[in-house]
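S.K.: Once you've had a glance at the structure underneath, I'll fire off some questions.
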Amino acid sequence: MDKRYAIHPEHAKTFTTEQLRGQFLVQDLFVPNEVKLCYTLEDRVVIGGIYPVNEPVELKGYNEIKADYFLQRREIGIFNVGGSGSVRVDGEVYALNPKDCLYVGLGSRELIFESDASEQPAKFYIASAPAHKTYPTQKQEFKTVPAEELGSPETANSRVLRRYIHEDGIQSCQLVMGMTALNAGSVWNSMPTHTHDRRMEVYFYFELDENARMFHMMGEPTETRHIVMKNEEAVISPPWSIHCGAATSNYTFIWAMAGENYTYKDMDAVAMDELR
Ligand SMILES: O=C[C@H](O)[C@@H](O)CC(=O)C(=O)O
Ligand SMILES: [Zn+2]
């Protein structure tokens, strides 16, 4: 399990490109038949990739979180970003088609990930946060999740936002998760930008052409920096940081938040004039 510290904004200002990448960028999430995890001390969120190509893969407890099983003190949101597959939770099998999401609450012991076919393996992107009570395990299919149209082609940010785990959807202790898809020709996400000092956030970019690059923006509004990212990489946004980006073609991303509150719309908009 990779580990990242929480970073002070005064420290982040001084980082070189390599230091920024080392602290905030998460690469190589999908290794065949393995679990790859990154534990950030920003709100103690764990993100990761689970890629069962030709055998089932189990998510277990880890010494880093001193847990006998992964969900001993946590909850988890699981998105399938590959071919069809399933997750077995304490003997119950949940089929996950592409872009379906499964939430599993505190206390479930067994989490086994499997692909339906090794020629088109499932890819599971996960985000997990500490939890204080058990909310029921719940699946949200892509085809029935409400879709919200945002932006416009004129401003190159025409996109469709879908909330899966949130106040009016799948219930959780503190995890809020969803997916935003950029329409063809649009490249900007989350612009005008925002911060939310109450919650950290992680963006996981996928469906980005292998030769395309994402220029992800971060930093305090008056001290912006960028990180150049490839397909299927994630980036940690501390609560004080903006998080938005433009890529050289369209893409989809999964956003995950955890922290003080649970209100999706609690965002502090950043005026264009403030940005430096
Ligand atoms: O706090 C909310 C998150 O940053 C995202 O939901 C924003 C987003 O998906 C978008 O504007 O495209
Ligand atoms: Zn945000």
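Backbone N, Cα and C define each Cβ position, glycine as well.
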S.K.: Let me know which member of His11, His132, His243 TrEMBL also records as binding Zn(2+) at the site of His194, His196, Glu201.
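M.R.: For Zn(2+), TrEMBL names His194, His196, Glu201; of His11, His132, His243, the listed one is His243.
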S.K.: For the binding-site residues listed here (His194, His196, His243), which one has the lowest count of neighbouring CB atoms within 10 Å of its own CB?
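M.R.: Minimum Cβ neighbour count within 10 Å, taken over the binding-site residues His194, His196, His243, occurs at His194.
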S.K.: Would you list, in sequence order, the residues of this chain other than His194, His196, Glu201, His243 that have their CB within 8 A of the centroid of the site's CB atoms, where the site is the one recorded for Zn(2+)?
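M.R.: These residues sit around the Zn(2+) site: Ser190, Thr193, Thr195, Arg199, Ser237, Ser241, Ile242, Met257, Met267.
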S.K.: State the three-class DSSP label for His196 (Zn(2+) binding site), counting H, G and I as helix, E and B as strand, and everything else as coil.
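M.R.: Once the DSSP labels are grouped into three classes, His196 (Zn(2+) binding site) ends up as coil.
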S.K.: Which chain-mates of Glu201 (Zn(2+) binding site) that are at least 6 residues away have a CB under 8 A from its CB, listed by sequence?
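M.R.: In sequence order, the residues whose Cβ lies under 8 Å from that of Glu201 (Zn(2+) binding site) (at least 6 apart) are Ser237, His243, Trp255, Ala256, Met257.
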